[in-house]
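The structure appears below as structure tokens.
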Amino acid sequence: MRQDKPGVLLVNLGTPDAPTTSAVKRYLKQFLSDKRVVDAPRWLWWPLLNFGILPIRSPRVSKLYASVWMDEGSPLMVYSQRQRNALAARLDMPVALGMSYGNPSLKSAIDSLMAEGVTRLIVLPLYPQFSCSTVAAVWDGITQVFAGYRSLPSVHFIRDYAQHPAYIAALKASVERSFAQHGKPDLLVTSFHGIPQRFADEGDDYPQRCYETFEALKASLGLGDDEAMLTFQSRFGREPWLMPYTDKTMESLPGKGVKHVQIMSPGFASDCLETLEEIDGENREIFLHAGGTRFEYIPALNDDEAHITMMLELVNQYR
């Protein structure tokens, strides 16, 4: 009789191995080559990526990574490893960390779990809100790895957790800590990573999941419609993305009398370039330059105890 041995695979997007041009170029090439991320025809996208985008963006992006790099490494990697370690300490089963792009790869993570005899795999993509460009890419990556296996484990794939009570409670606690430390702002802004509007039009329910998180958090905090808003960040390319845009919102708020904002990015399980540099750096500068007076960034949940407890609850559903 086959022994039942569960194991957990935590997955996040990924990060360059170092804040150098060569490492960033290698990472961006893998990331931007995924059709889930950029679905342009390959004959058009390949030369544009390799002869235009990568040579131009890699040196600039490497400097941005260097500005947020921690002593232990990339913030996303540091916090993801801490999450894995904390979860493993509270579970009596193997826990591995894999990245969709870069290292540790999904293959290395899955191989390590299979080598430990795992027969039932619990996959937790660390994306609270489903999107075809993130969670579906994890699904693709896992199936590609298992294409090389003769035997497969049972797989429990956690699609997302946008409204999970423990997730909302963890977000609420982080906002309340910020309010207690800095005072209640004129406006709480929740900034989610954007996707092309076309993806949503074609069936990706990501925007709905973001709004469901936002509404649940707003209700838990007892905030009115004029005290919190949702925006979308990190647009790339020329086609329309989900709106309102975070940077344009930060530019316009002071003119509407909003002088004090606190901003968080609930869609990021770990702080990374998009939160530390884009939100706490670029958007802070935009808001203050436009006439704002106070801007506070509320960190991602990272390895906060409430975040680990949430992960534990999600995993325990499938033990």
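Here the Cβ of each residue, glycine as well, is placed from N, Cα and C on the backbone.
What Swiss-Prot records for this protein:
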- His193, Glu274: Fe cation binding site (BINDING)
Neighbour count (Cβ, 10 Å) for His193 (Fe cation binding site): 25
Glu274 (Fe cation binding site) in three-state DSSP notation: helix
Listed in sequence order, residues with CB under 8 A of Glu274 (Fe cation binding site) and six or more positions away: His193, Gln233, Ser234, Ser265, Phe268
